[in-house]
Amino acid sequence: MKKAIQFGAGNIGRGFIGALLSQASYHVVFADINEEMINELNEKKSYQIHILDLEQRQETISNVSGVLSNGPDIVNEVAEADIVTTAVGPNVLKIIASTIAKGIEARREAGRGVLNIIACENMVGGSKHLEEQVYTHLSEAGKAYAEENVGFANCSVDRIVPPYQGENMLDVGVESFYEWIVEEPSLKGEVPQIPGMKLTDNLLAYVQRKLFTLNTGHAITAYLGYLAGMETIEEAINNDEIRAVVRQAMEESGDALIKKHGFDKEEHYKYIDKIEKRFKNPYIRDEVIRVGREPLRKLGPADRLVGPANMAIQYGLGHVALLKGIAAAFHYDNPQDPQSKELQEQIAQNGIEAAVSSVTGFTDGSEDHRIICEEYAKTSKA
Ligand SMILES: NC(=O)C1=CN([C@@H]2O[C@H](COP(=O)(O)OP(=O)(O)OC[C@H]3O[C@@H](n4cnc5c(N)ncnc54)[C@H](O)[C@@H]3O)[C@@H](O)[C@H]2O)C=CC1
Ligand SMILES: O=P(O)(O)OC[C@H]1O[C@](O)(CO)[C@@H](O)[C@@H]1O
């Protein structure tokens with residue numbers, strides 16, 4: 001039987017990627033630092049996915065096991081794998097890179113063939129970023145082997161999977177929609193046959209379409225909802241004022257995406273409609289603090305807020321709702337979130353003007369910088 005190693009046994013790992021791999025007849029080994037989760041996977045060997053949507057149903061995911069990603073057995077698992085996927089969060093890729101490199105060296109020594117690695121994270125170029133990190137740990141022979149035998153294929157991964165409280169800690173609650181699009185030209189050897197995995201030779205268009213629409217709208221809903229004292233995405237998106245800003249931001253982003261990638265406008269606006277409906281899913285409880293987590297990452301130049309604003313600027317298009325969303329992100333003050341704490345410390349120490357320029361790259365004195373600071377000053381947490 002083919003073997004898949006899924007780094008990250010969290011929401012997306014169990015609720016989406018690991019599940020598709022298991023359904024494609026792989027034995028899925030989840031690699032995580034959460035010992036309790038790993039023990040439970042090895043004991044139960046299966047779990048339930050609860051589809052939480054208009055149509056409610058359950059899927060049993062079986063043929064799974066677990067391994068500690070920082071333990072002694074993981075290198076051998078990577079050495080024996082047919083595919084490696086990750087869903088650990090963008091900042092963790094550099095941590096697992098040395099382990100993956102050791103696994104690649106072990107494959108070389110054992111004379112094993114092709115391996116494909118797909119980082120399923122909310123970021124542009126996730127697998128290429130992981131590849132760069134892995135290569136820093138490889139010997140010269142390891143690099144030569146990897147160039148020949150190891151494919152790092154970027155992807156776009158879209159399914160809303162918030163934390164779920166079930167009877168069994170392995171169970172997971174998901175929306176029914178999913179989309180996983182993988183960059184085919186970067187795969188090595190025979191293309192893995194995984195029902196539910198779509199292939200493309202134009203990944204950048206899809207990854208930006210998803211990150212600059214779903215994630216843009218979601219993040220703005222979260223930050224405006226948090227500002228208004230709301231707990232969930234559903235509550236926030238059902239507020240008319242918030243919905244209007246979120247909708248306008250997704251359309252501004254959409255108009256820039258249409259210009260850049262040549263998407264059909266009518267089709268793209270239908271894509272936005274569908275996303276708005278997904279945010280309103282009453283069967284899922286998704287908290288604004290989850291969706292707004294790690295605001296410094298989300299305010300980064302290539303990410304879901306500043307990325308589409310810069311794209312709109314590049315094409316001379318309107319982007320005022322995106323700037324309102326950026327301003328709201330600067331109000332995100334959650335002491336449980338280290339990046340939120342750091343952001344609030346920067347604002348307290350240096351002032352909002354300096355924080356906006358250092359975090360977003362919009363320079364002090366520019367029109368966009370001025371609007372963000374004005375919008376920030378107009379609002380305060382309820
Ligand atoms: N939850 C969602 O709806 C979606 C999440 N994503 C992306 O998927 C990635 C994972 O997100 P979630 O599953 O929501 O997060 P999560 O927090 O539920 O899962 C992350 C998992 O990674 C594990 N982990 C942390 N450090 C590790 C290490 N060194 N080695 C192995 N495992 C480690 C954690 O213990 C945890 O189980 C993120 O990049 C996120 O942006 C993408 C689309 C949807
Ligand atoms: O996982 P991140 O990048 O922190 O962002 C949360 C976002 O990712 C998702 O989990 C899924 O794309 C969304 O629910 C949300 O937009």
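Cβ coordinates are placed from backbone N, Cα and C, and glycine is handled just like the others.
All annotation found in TrEMBL is predicted automatically rather than curated by experts.
Summarising the environment of Gln6 (NAD(+) binding site), the number of other Cβ atoms within 10 Å of its Cβ, over all protein chains shown, is 31. Under the DSSP three-state reduction, Gln6 (NAD(+) binding site) is assigned to strand. TrEMBL lists Ala4, Ile5, Gln6, Phe7, Gly8, Ala9, Gly10, Asn11, Ile12, Gly13, Arg14, Gly15 with the feature NAD(+) binding site.
In the predicted model, the domain 'Mannitol dehydrogenase N-terminal' (3-195) shows an average pLDDT of 97. What TrEMBL lists as domain 'Mannitol dehydrogenase N-terminal' is 3-195.
The domain 'Mannitol dehydrogenase C-terminal' annotation in TrEMBL covers 202-363.
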Cβ under 6 Å from ligand 1: qualifying binding-site residues of Gln6, Gly8, Gly10, Ile12: Gly8, Gly10, Ile12
Winner by Cβ contact number (other Cβ atoms within 10 Å) across the binding-site residues Gly8, Gly10: Gly8
Cβ under 6 Å from ligand 2: qualifying binding-site residues of Gln6, Gly10, Arg14: none
Count of other CB atoms lying within 10 Å of the CB belonging to Arg14 (NAD(+) binding site): 29
